[in-house]
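Quick look at what Swiss-Prot annotates:
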- C24-C54: disulfide bond (DISULFID)
- C32-C58: disulfide bond (DISULFID)
- C41-C53: disulfide bond (DISULFID)
- C42-C80: disulfide bond (DISULFID)
- C47-C62: disulfide bond (DISULFID)
- 21-66: domain 'WAP' (DOMAIN)
- 1-20: signal peptide (SIGNAL)
Amino acid sequence: MNSKIFAVLFLLAFLSCVLSDQYCPKSSITACKKMNIRNDCCKDDDCTGGSWCCATPCGNFCKYPTDRPGGKRAAGGKSCKTGYVY
């Protein structure tokens, strides 16, 4: 009996971990003028309060993760600089 309860609890815990994936939110903006593109972050460490560095057409911004896919995390790298990229 105890092994059945353990198996059910284990399965529920496993499913909650699998189903709780987090993503950057999808941007509602599809295009941005080059002179308006700026990066507030280059990597997640640049963000505070559990937010992630997410890429948008207007640059990288700190956003809180969501459970809906569609957004894109910022790639960062040595060439990424904060501020206006124009």
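Counting starts with 1 at the first residue shown.
Heads up, the Cβ atoms here are built off N, Cα and C, so glycines get one too.
Here the features listed in Swiss-Prot are placed on the structure.
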residue : record         : DSSP class
C24     : disulfide bond : coil
C32     : disulfide bond : coil
C41     : disulfide bond : coil
C47     : disulfide bond : coil
C53     : disulfide bond : strand
C58     : disulfide bond : coil
C80     : disulfide bond : coil
Euclidean distance between Cα atoms of C54 (disulfide bond) and C47 (disulfide bond), Å: 10
By Cα-Cα distance, the member of disulfide-bonded residues C24, C32, C80 nearest C53 (disulfide bond): C24
Densest Cβ neighbourhood among C32, C42, C54 (disulfide-bonded residues), 10 Å radius: C54
Same-chain residues at least 6 apart in sequence whose Cβ lies under 8 Å from C62 (disulfide bond): D40, C41, D46, C47, T48, S51, W52, C53, C54
Per-residue Cβ crowding (10 Å cut-off), top of disulfide-bonded residues C53, C80: C53
Neighbouring C-beta atoms (10 Å sphere around the C-beta of C47 (disulfide bond)): 19
C-alpha spacing of C42 (disulfide bond) relative to C58 (disulfide bond), in angstrom: 13
Most crowded position, judged by CB atoms within 10 A, among C24, C58 as disulfide-bonded residues: C24
Cβ neighbour count within 10 Å of C41 (disulfide bond): 23
Per-region confidence, the domain 'WAP' (21-66) (mean pLDDT, whole number): 95
